[in-house]
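Worksheet: the structure to be examined is printed underneath.
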Amino acid sequence: MPLLDSFTVDHTRMEAPAVRVAKTMNTPHGDAITVFDLRFCVPNKEVMPERGIHTLEHLFAGFMRNHLNGNGVEIIDISPMGCRTGFYMSLIGTPDEQRVADVWKAAMEDVLKVQDQNQIPELNVYQCGTYQMHSLQEAQDIARSILERDVRINSNEELALPKEKLQELHI
């Protein structure tokens, strides 16, 4: 099985919260696609609570689109990582990491402004697979933590696992 890009970086050295360009590619028509690793938690040390990450999933995508879309950028998708330490954001365009970090912080400010669970988009049995598994309080705790800790940039070069280590891990 081919090695996924996300498994070629050393998770023991990742900082969080931090932005990292996880992958860049071009469509057959030449459009640039960038995938960002938006790391909310330090891998293997922290994890977002399931209700909080689920609520954040509903809020974060819209807020990020409000702040980032335009000027050659359009978000395709923002999805939580299975390990619950962050989100992947796929988009058309090539915004730099600092722009993404600034927008991420603005989106966290927006999360803190949500006053009631009823303001969470698509929070119903028809549009959400587990519509009762939400917590606005947990989502706001996550947002507050991001803003208090600030958002850094993780460098692929600094995090790259050496080929010897990948071989040692039998990958």
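Note: Cβ is positioned from N, Cα and C throughout, glycine not excepted.
The Fe cation binding site annotation in Swiss-Prot covers HIS54, HIS58, CYS128 and is backed by sequence analysis.
Within 8 Å of the centroid of the Cβ atoms of HIS54, HIS58, CYS128, where the record puts Fe cation, the same chain has further Cβ atoms from THR55, GLU57, ILE120, GLU122, LEU123, THR130, TYR131, MET133, HIS134.
Counting other Cβ atoms within 10 Å of each Cβ, the binding-site residues HIS54, HIS58 show the lowest value at HIS58.
Annotation for CYS128 (Fe cation binding site): same-chain Cβ neighbours under 8 Å, separated by at least 6 residues, are HIS58, GLU122. Annotation note: HIS54 (Fe cation binding site) sits in a helical segment as assigned by DSSP.
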